[in-house]
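Here is the structure we will look at.
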Amino acid sequence: KEGYIVDYHTGCKYTCAKLGDNDYCVRECRLRYYQSAHGYCYAFACWCTHLYEAAVVWPLPNKRCK
């Protein structure tokens with residue numbers, strides 16, 4: 001599974017400025033999911049790959065970014 005990291009409180013994606021390989025996104029994906037996850041900056045938000053199927057990613061059901 002893959003997808004954007006989402007903030008559970010706001011419903012917003014984790015933003016990033018440096019597109020492509022991005023240490024911040026790798027770190028956040030691994031903290032949020034697990035150590036074998038990978039991340040990069042895509043469309044100015046952190047995109048995570050190699051996630052488990054039950055991982056919660058953006059968009060959250062019934063919660064819009066404010």
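Yeah, the Cβs are placed from backbone N, Cα and C, and that goes for glycine too.
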Recorded disulfide counterpart of Cys46 (Swiss-Prot; options Cys12, Cys25): Cys25
Spatially closest candidate among Cys16, Cys25, Cys29, Cys41, Cys48, the listed disulfide-bonded residues, to Cys65 (disulfide bond) (Cα to Cα): Cys16
Mapped DSSP class for Cys29 (disulfide bond), helix or strand or coil: helix
Arithmetic mean of per-residue pLDDT over the domain 'LCN-type CS-alpha/beta' (1-66): 94
Around the Cβ of Cys48 (disulfide bond), the count of other Cβ atoms that are within 10 Å: 25
Disulfide-bonded residues listed as Cys12, Cys16, Cys25, Cys41, Cys65, least Cβ neighbours within 10 Å: Cys65
